[in-house]
């Protein structure tokens with residue numbers, strides 16, 4: 001549900017921001033503080049007081065949706081007059097400048113599909129088990145973006161998605177191929193625009209003269225190169241009006257830097273600072289609890305958000321046994337809300353990652369409660385671990401297709417080469433002939449043959465146990481995690497979930513049939529959601545919920561290792577996790593329910609430190 005900022009009367013802080021004249025201004029806008037209203041009113045005042053004509057004003061935000069919404073709000077504020085104020089995203093504005101300077105067109109832009117094809121191709125030349133997996137390519141793509149957006153030197157960058165040297169070589173190969181195609185990617189738009197302004201001060205002056213007043217929304221999400229270009233564009237008048245909240249900076253993995261909000265005042269010592277600290281969205285109890293959590297961060301401006309609404313319901317924290325019991329609890333609470341007359345679209349469940357959504361998706365589907373997911377539905381059987389297990393089961397049942405064999409022939413390492421698979425149907429005799437002069441390889445081939453015969457006689461649960469302990473699949477996952485800079489525990493969780501579900505089936509055929517049926521049901525569900533976009537209970541990640549609000553919000557799995565995530569270890573990473581929790585809490589307008597599990601995947605869990613902070617004594 002998008003934010004409702006229909007309230008027209010401004011409070012004193014908003015009025016001060018709207019009345020700001022020339023020069024730099026930093027507006028710290030807390031959750032639900034009416035920042036969109038403030039930006040729109042300021043643009044209106046600049047026009048009404050003849051400070052600028054419409055095409056001299058530039059308003060930048062981070063998504064096309066937000067830019068479109070702000071433009072429509074502005075037009076409504078101007079009684080329907082569609083004045084040509086420029087509203088757009090950083091990429092959209094900078095692409096427009098490049099198109100003007102270099103006559104670029106759509107044919108010069110590398111599509112996401114093309115980008116992944118190139119990355120998959122260049123990564124295949126390096127010994128990386130994950131090279132063709134979508135998650136790996138997505139992380140690789142994102143990290144290449146971080147290097148470009150942060151203006152890092154590739155020779156000094158420490159990669160997170162794969163071994164450092166492999167990443168550097170893949171980066172160079174990708175850039176070489178991209179240039180051969182004479183195309184630029186999404187992130188190059190920012191890089192090239194920056195270079196253009198640095199090398200051509202005459203062209204920079206043209207754009208400086210065009211945009212006399214610049215307003216930037218969601219400033220806490222800005223990255224280094226966006227900031228560098230916007231500073232150049234705003235000079236020399238520096239009529240730069242930025243609005244953001246460092247407490248809601250949650251996109252560090254994309255290269256966003258919350259510290260640039262503090263840098264702004266160093267770069268512009270005369271900048272005015274205005275704090276919008278009145279929350280018109282959430283009840284008093286929700287705002288107070290959220291304040292108790294976020295005050296534990298150190299990299300923030302000292303400010304206290306105040307609720308305009310009365311206290312309302314007390315925030316509820318629920319302990320549950322495990323994710324399955326939690327899904328049942330959430331479904332029960334959702335049904336109670338619906339019986340009260342609450343609309344489905346007024347209820348949101350916010351997860352740390354999409355991997356946590358599966359139990360609730362199954363429970364809501366079973367109860368025939370409509371829901372909608374902002375992200376693609378997560379199918380655990382399409383994770384590479386699910387694919388690997390399926391391939392072993394198929395081979396145990398006699399499938400000898402080359403594709404199935406390739407999935408697992410070196411998981412764990414058996415040192416079998418692709419060249420040994422001479423045809424589309426793999427024969428163990430052909431494999432033995434290929435390696436006839438290598439006795440140690442013959443032993444490995446014989447062992448695989450024996451393993452498949454043993455698996456053939458087992459239940460799905462027993463077969464997974466055998467793969468883990470006798471075949472060495474757990475050791476493979478440990479090596480895979482180390483090589484690809486992944487957290488092994490994340491992979492073990494996926495394996496445990498598949499293993500637990502396997503107990504319900506007696507034969508490998510039953511398990512494989514269920515996997516196909518489950519995948520088909522998710523595909524049908526996804527198609528239904530695509531047709532009825534936005535309809536039903538809202539399920540999404542905390543990152544996907546940014547900028548939205550709902551009367552009722554559930555935050556499940558508020559546990560250590562989940563939120564904060566186990567991979568967040570440094571002080572900076574933990575502070576971003578706390579900001580993520582804070583963003584989740586402040587999406588709620590009337591009711592907020594937080595739950596945590598006692599166990600998950602056979603392991604004991606403890607509540608998140610953020611839950612403890614909710615009940616800390618206020619100073």
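Here the Cβ of each residue, glycine as well, is placed from N, Cα and C on the backbone.
Quick caveat, the model's predicted, so the values are computed rather than measured.
The following features are taken from TrEMBL:
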type	residues	note
DOMAIN	8-283	domain 'UvrD-like helicase ATP-binding'
BINDING	29, 30, 31, 32, 33, 34, 35, 36	ATP binding site
DOMAIN	284-547	domain 'UvrD-like helicase C-terminal'
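TrEMBL feature annotations superimposed on the structure.
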residue	record	Cβ neighbours (10 Å)
29	ATP binding site	26
30	ATP binding site	25
31	ATP binding site	27
32	ATP binding site	25
33	ATP binding site	27
34	ATP binding site	25
35	ATP binding site	23
36	ATP binding site	21
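Under DSSP, residue 30 (ATP binding site) is assigned to coil, being neither helix nor strand in the three-state scheme. For the ATP site, the Cβ centre of 29, 30, 31, 32, 33, 34, 35, 36 serves as reference, and the other residues of the chain with Cβ at most 8 Å from it are 38, 245, 276, 279, 280, 281. Averaged across the domain 'UvrD-like helicase C-terminal' (284-547), pLDDT in this predicted model comes to 93.
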